[in-house]
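Peer 1: Here's the feature list from TrEMBL:
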DOMAIN    512-706  domain 'STAS'
REGION    735-757  region 'Disordered'
TRANSMEM  6-29  transmembrane segment
TRANSMEM  59-82  transmembrane segment
TRANSMEM  88-105  transmembrane segment
TRANSMEM  164-189  transmembrane segment
TRANSMEM  196-217  transmembrane segment
TRANSMEM  275-294  transmembrane segment
TRANSMEM  322-341  transmembrane segment
TRANSMEM  362-384  transmembrane segment
TRANSMEM  399-419  transmembrane segment
TRANSMEM  426-443  transmembrane segment
TRANSMEM  458-488  transmembrane segment
Amino acid sequence: MCIAFHQLGVIGGFPVAAPWGMFITWVFCRCSRKRAFQIAKSFLPILEWLPNYRVKEWLISDVISGVSTGLVATLQGLAYALLVAVPVGYGLYSAFFPILTYFFLGTSRHISVGPFPVVSLMVGSVVLSMAPDDNFLIDGSNATGTNGTGTLIDTESRDAQRVLIASTLTFLVGILQVIFGVLQIGFIVRYLADPLVGGFTTAAAFQVLVSQLKIVLNVSTKNYNGVLSIIYTLIETFEKIGTTNIADLIAGLLTIFVCMVVKEINDRFKHKIPIPIPIEVIVTIVATGISYAANLEKKYNAGIVKSIPRGFLPPEPPDVSLFSQMIAASFSIAIVAYAIAVSVGKVYATKYDYAVDGNQEFIAFGLSNIFSGAFSCFVATTALSRTAVQESTGGKTQVAGIISAGIVLISIVALGKLLEPLQKSVLAAVVIANLKGMFMQVFDVPRLWRQNKVDAMIWVFTCVASIILGLDLGLLAGLLFGLLTVVLRVQFPSWGGFGNIPGTDIYKKVKDYKNVIEPEGVKILKFSSPIFYANIDGLKSSLKSTVGFDAVKVYNKRLKALRKIQKLIKKGKLKATKNGIISEPGINNEAFETDEEPDDNEDLQVPTKEVEIQVDWNSELPVKVNIPKVPIHSLILDFGAVTFLDIVAVRSIKTIIREFERIDVRVYFASYQDNLISQLERSAFFDDIVRKDIFFLTVHDAVLYIRNQMTYSDNQDPIFEKISLMQESKEPIEFTETSRPDDELDVQEEAMRRLAS
């Protein structure tokens, strides 16, 4: 069969170009039954874990867990629908449909798929911005409700439009997630660092609290959205607090108090209580019974659920024309929903020793959202509290998830009508009670500040930005701020001079350790960052600080001194003896020039050139030039933390080597990464002057080499011979210029040379 494919070059009756024919032939030949099954298992993880399902050991635990989780999922579905601004009945659909597809496609065995308050609120912000109440104002004769100010609203049309927007957004989010999964870019969630997620979810919890506060009080306000929307909502809520419905307020406060107390008991005695007390379910049943028995809606004008549809709605296609208006928001929602689900899934995967495939999770949630979006659902991820219930009640696999979906199904088909007398304030109170964990993240800030101040700043900035700007813009601002801190930390990395711990080959920072000793005449600099165009100036500054002088300034000052020495020798005012250079009587050197003092015009016009004179520059010279001392003869650059260099860095480092060579300071490199040599070779770094023999495996190797070189070096100073020749000939010394490629010094470096000279 393979031979036939190769010879014919035809697939399915269509001719195929030879290379593609060979490639397709190879694919067909390689896809054995075993390989095909492996590909199927990677796309359908259920084929991996279901055949290994231990019925006798796991089934009872999964059933108990599924029933418990299903009851909580039913209630949370109703409650989180309030955040999306759609009728509460649609929350039941969102708690049911996503589980069906995730059961087959998901790689996590413990997460409970369904609505989550942060994601629901993000969806709700899009819904409210695209379908505000003001778009559905009608005449009183056609109205089906009021907004409390006398303006009539067609609530039926409004709710239908909001459901369409929510389901369309869910469909688009699903498409994006599938694309991310197919393109294997699950790594994108790595940019959502823990401090960023902590600040964002805390801000989202505050947004949820404010959005549910008006429901607990049963106060009618406008639906604000966008920048400062939370502030406007708070202001209007407290302006109208006098219209609070007492029955709803009491029911909400009691629900919050009871739920939080029982949740605290569940947390403290989780080792003694086999199954957490499902307090939300208990409170809901009790509150529904009281509301029905006392007829709170008619007697106290309490806000109740009123209508929960029984059964399912037929699937509907999304409104593609709305995609352009929600694409930006859908991108952030897709990432946040995925990040929450994967982070929770990995916690339990680590606990129970199995793997969660990030890219497959993208595909699983993407297809779940596409499927559920067709059935009027809103975006699904996972809820921490619901997942904790599923795991703590003994859930072993997604069988518990599918059983919980069965409980939600029963509620949709048969029990929905029983919950119609339930007060909305009770549902809002359940949402608020479940925010405790997210609000407790505030106490992470002091710990972060002690451990890493930058991470603490990311947390606070993201939280404040998300509160002020809204969740979508706040998340983007936090992400950009986090990336900016990375750029700044790379642009301004840590550096320092290093010294040797006596008796060892270990080198540590001089500032951090008292007993380290710098090798005589040697400076060691470690630059802890990749070197590229943005931080090359930082490398130059750290070099100046470490060695204690500016190589360019030293060189220019020396040239100036040599010119003055030449003039004095020519005039016969300077002699050289075996004891050094001396001047004639009446010539003294009492007034050295300061660094800021301008040079003579004559000197400024002399071009910068190399001079064939060697002088002991650390001794006092009989000329009025203040020359910085150069107490070192070698410089070692520790590149152990340098992972890459760009072309700007390569050229600048080559220039640095030449600048130090001109003042008789040799530059060496140590502890370099292997890939750096290849980068330097490709960048034409090496030549006759800059050779590979200046590179050493360790700093200690470089130090030993320098010591060996200094031991056997010729210490004779040629100054006497040079200046004697100058005295005898009375001719000016010839200046010779070292040829250098024009591209080695950029404009900035040339300006520095002119300024120094």
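Each Cβ is built from the backbone N, Cα and C atoms, and glycine gets one as well.
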Peer 1: Any contact between the transmembrane segment (196-217) and the transmembrane segment (426-443), i.e. 3 or more CB pairs below 8 Å with pairs at least 6 residues apart?
Peer 2: yes
Peer 1: For the transmembrane segment (458-488), I need the partner stretch with the highest count of C-beta pairs below 8 angstroms, choosing only from 164-189, 275-294, 322-341, 399-419, 426-443.
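Peer 2: Out of the listed stretches, 322-341 contacts the transmembrane segment (458-488) most.
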Peer 1: What residues elsewhere in the chain lie close to the transmembrane segment (399-419), defined as a C-beta under 8 angstroms and at least 6 residues from its ends?
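Peer 2: Contacts of the transmembrane segment (399-419) (Cβ under 8 Å, skipping residues fewer than 6 from its ends): 53, 58-59, 61-63, 65-67, 69-71, 73-74, 77-78, 89, 92-93, 95-96, 99-100, 102-103, 111-113, 284, 288, 305, 308-312, 390.
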Peer 1: Within the same chain, where does the transmembrane segment (275-294) have neighbours whose Cβ lies under 8 angstroms from its own Cβ atoms, ignoring anything closer than 6 residues to its ends? I mean 6 or more beyond.
Peer 2: 64, 68, 71-72, 74-76, 251, 255, 258-259, 262-263, 265-266, 302, 304, 388-389, 392-393, 418-419, 421-423, 426-427, 430, 433-434
Peer 1: For the transmembrane segment (88-105) and the transmembrane segment (322-341), decide whether they are in contact, meaning at least 3 CB pairs lie under 8 A, counting pairs 6 or more apart in sequence.
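Peer 2: The transmembrane segment (322-341) and the transmembrane segment (88-105): touching, no.
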Peer 1: Within the same chain, where does the transmembrane segment (164-189) have neighbours whose Cβ lies under 8 angstroms from its own Cβ atoms, ignoring anything closer than 6 residues to its ends? I mean 6 or more beyond.
Peer 2: 84, 86, 90, 123, 126-127, 130-131, 316, 318-320, 322-323, 326-327, 329-331, 333-335, 337-339, 342-343, 358-380
